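Step one of this worksheet: look at the structure below.
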Amino acid sequence: MVTTTAKNVGYITQIIGPVVDAEFPEGDLPAIYNALLIEGKTDSGLDIRLTCEVQQLLGDKKVRAVSMSTTDGMVRGMKAIDTGAPITVPVGKSTLGRIFNVLGEPIDELGPVEIVDKFSIHRSAPKFTDLVTQPEIFETGIKVIDLLAPYRKGGKIGLFGGAGVGKTVLIQELIHNIAKEHSGVSVFGGVGERTREGNDLYNEFKESNVLGQVALVYGQMNEPPGARMRVGLTALTMAEYFRDVSKQDVLLFIDNIFRFVQAGSEVSALLGRMPSAVGYQPTLGTEMGDLQERITSTNEGSITSVQAVYVPADDLTDPAPATTFAHLDATTVLSRQLASLGIYPAVDPLSSTSTMLQPAVVGEEHYNIARGVQSTLQRYKDLQDIIAILGLDELSPEDKLVVNRARKLQRFLSQPFHVAEIFTGSPGKYVSLDKTIAGFKRVLQGEFDDLPEQAFYLVGDLDEALEKAKKLKDEGKS
């Protein structure tokens, strides 16, 4: 949405794809990032009304802008109105449960949105004096994350995983848990991904009853680079309102952060900037920093961001993922191997990392238990080749014990999700961090070496596992 406060009127002089040049009267040039409203009729008589964002002042009374929608049908000489302000989008509770485009216009065919307030998508990062510097764990209620790769409140998390390993379900569960346990809300920014995926996500949110706690902002693959480059800022702006005005904890999902960089690269080339390494824009670090620095904890609330990261050609040294990694506090890696074993969430306990997992932050007990779980699982992984060739019987008694315990730990890291109840028939579980630590401590110490590993599969806390073991024993007797 654009707010027209000034009425400097110019006209279009050149159109090259999504890039538009406009000429304005002397002394009335629009500022960088101002929104221009383009109005006119096509040769066939159709009305055109679209928004562009000023990117360059060319001199000679001309500006260069990038369009937020397709420029099909545009002709030279059309009117360009300077709105006098950057793109502004609606913010507040009325955005929850709705889908918006980059301009903050609803695209879900559910009618207009009640606009209480509007924010500019270009905002400064919070002041240093307003930031919370004490690291604090953001409890998700998901055992494997809270124990082995905990999220930082106001931090940035990279979500890595291929198709069909459970990214969407994990995102839905996080949205459910922040709403139910933290009275928080979520904003989902679909940046340059498939329209079909955006549609599927909306329907899945609807089915799992989390749609009312999330605002969706889409700038999909088929849209011009201007829209894909700015849709992340639109989603972030909506999240900032909930943090700064509503004083809530917010989860911001960006899928996919690589597409944000890719769109910036396209725009940079169209604007005639000299490319840098691998053809990326020379301003890559600055653009990424401008977005990421706004995602943080303040004295009012927090924005915790989960960002799906596509790694081109699996090359982690590519400038796009490499620049992203510099900002991440944690990584959650989803494993196809675990998914094929039926262990959900399929979070890889050995590949997922977090800067929070250190004794000074989580405490000695949590740290030692997490490292104990990881070393047991690593030893099991090392032994798998031997088991495949020689079988379990050829292992030493110590190694047999490690394998037995590791298989229990692996299954105990699985958990039924609230949002998957309709598929699994099992009620979802939110497990507090204290219960998670206490449960894994006892399993690691070998207290339950005599229990069947099946008792630990898809349960919440340890009490539930013991109850399941008793049930299995009773069934075995009968």
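Keep in mind that glycine also has a Cβ here, set from the backbone N, Cα and C atoms.
Database features, via Swiss-Prot:
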type: BINDING; residues: GLY161, GLY162, ALA163, GLY164, VAL165, GLY166, LYS167, THR168; note: ATP binding site
Tally every other Cβ atom lying within 10 Å of the Cβ atom of THR168 (ATP binding site).
17
Validating a neighbour-count step here. Other CB atoms within 10 A of the CB of VAL165 (ATP binding site): how many?
23
ALA163 (ATP binding site): tally of other CB atoms within 10 A of its CB:
7
Give the helix, strand or coil assignment DSSP yields for ALA163 (ATP binding site).
coil
Given a separation of at least six residues and a C-beta threshold under 8 Å, show me what packs close to GLY166 (ATP binding site) in the same chain.
LEU334, ALA339, TYR344, PRO345, ALA346
Nonlocal residues around GLY162 (ATP binding site), in sequence order (Cβ under 8 Å, 6 or more apart):
LEU334, ARG336
Using the Cβ center of GLY161, GLY162, ALA163, GLY164, VAL165, GLY166, LYS167, THR168 as the ATP site position, which other residues in that chain lie within 8 Å, going by their Cβ?
LEU334, ALA339, ALA346
Please give me the CB contact count at 10 A for GLY161 (ATP binding site), counting all chains in the structure.
20
